[in-house]
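Annotation comment: TrEMBL describes A:12-36, A:42-61, A:68-88, A:100-119, A:150-167, A:197-222, A:234-259, A:265-286 as transmembrane segment.
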């Protein structure tokens, strides 16, 4: 039982990270109907920004408090990836809006290749380890919870609340929801569609950057090809929860995290990614709308 | 309108300067951390950093200047050309074709037929190894794969991101069956095609209901599952170590290309020992396989099943209501595409003599799909050109050792291969979203065959 709860906690931590990345996928898909293939690499970029900030900050201020350091890492990461994703949308996706469906997907795949190879070229192909930042652990009964796990879950929860508030209670969120429902009509009613889409990309990237920074904190290592597998898993999470649905993305992320850690614990670690991909296939085959998604109406 | 598009007009120049500075500022912040700071491990294996202001300045300058040039000169130029074209009322497609255009296919085929001997003549035995193997065979493998995928994506409109799985199935079929059972290449070549086609049906069956992007993701998942199984099923596939010492293809069982064997090709013809003969032989095999793929594609397009594929691509609902069985139509598309992937895979295995899961990563699928899309989906010529440009271009980059002299000895062009490949994908898409060959030769026509713009066909909507 204790082992099970332990795995549950591990899965929850991992799931929070996937959930944050999944939101970026689901929002972009909802608003312009494209799979932003480069989103996983934005997540990786966020991790690298956090890594570099960590190195610079610790070398200038040796005794910097961990909380401040973490805040700095995540904030700079958010700004950095927000800027990147804004530029990427401007340069690679916007000119192709209204072109045929495959065009933005191809540029997104190209962008994903460019981003991971850009980091490989500029920062080197080796894994980048950092010393552990948060080492405290709590023992409750036979269960071990590390402070970083608690931090990840809390940060995720706070961000999700902020995000939920923005999307549901602010004029910006209203514009986003309007654009998602009907882009042309929203534009006619005075919503600046281009700006809304740009902001959506920035918001998605900021969440991915936080996820990337926390991933770095959790595993203590960053690598240029960290983007692909977590990216596909987060996309799986978005699909599982129902693409286009924000609570669905979080739910999907948590489920994927739980499945992954429980599968590794009880079946085999080697096949944990196979399990995730198999779930993706099964969900899409039997319930393509996901758990919380709206059914797609087939129009002629 | 007219005043603003004039080059050199102060408004345009002022705008270009503004945009250039803006791009410079943006790129400064974008590259500040990733280019301006280098992270590396010191002697104690601890991660440390140092600044690279010079490199950062180059990046920022390139961004600013290219933005300035685009806004100030290139864009007005393109706009003027478009305007002139629209005024003259001549459509690009109806332009008179010159001799080279009309006979392009024949010229290309003749060139390919004499290519190995040409390179043998010009650079000699040792030198032509590189040209026949790295350029010729490598490019033709991608041409074949892209033509195979073209059946699925270009004709049937089913977006497949896991095509490399069938390539892997073909390669491992040959590698395993030949090393465990000693079967010959010529038997296994069609067999691996059949096996891959079977896998195409197995994987195609559950995803019949899916459309567009969802289909793409599921096929991606299948591709990854097959790769992960290849890695983890170590008893059979030897995992990441891969299978080495795969048998070479023989000259239709008459002569062998193993140097030690009694009926060796070299001995039979009294030639001096060199691996170049085998490479030339392989070149002709893959050329023949490519021609087979093209022939089958062209013939199938004119058959009812090919028409059904294209109808399916244009409108699935209309297709179904006209009584076309979409299940068999989709499955045959998957199976046919997979079959060519499998055949290419078994050829790949015999050419390399070694297969490992490393060769079948998602990136390969992306590269093949990119070639199909960049070539202009559905156009065989365009796809072949795209394969030559993209694969050949990255191979050329590998050869550019003189760049080391320019950028210093640490410069490794191989590292930049994929970076440039990705950039090329984006840039070609931005300027030619319909691919290199944007027009289509229709399969069905009234009285006269006339090319139509690619914009009239719908793709990847399956």
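A Cβ is built for glycine as well, from the same backbone N, Cα and C atoms used for every other residue.
Note: TrEMBL annotation is automatic and uncurated.
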Feature contact check the transmembrane segment (A:68-88) with the transmembrane segment (A:12-36), CB under 8 Å, 3 or more pairs: no
Recorded stretch, among A:42-61, A:100-119, A:197-222, A:265-286, maximising Cβ pairs under 8 Å relative to the transmembrane segment (A:68-88): A:197-222
Most Cβ pairs under 8 Å with the transmembrane segment (A:197-222), selected from A:42-61, A:100-119, A:234-259, A:265-286: A:42-61
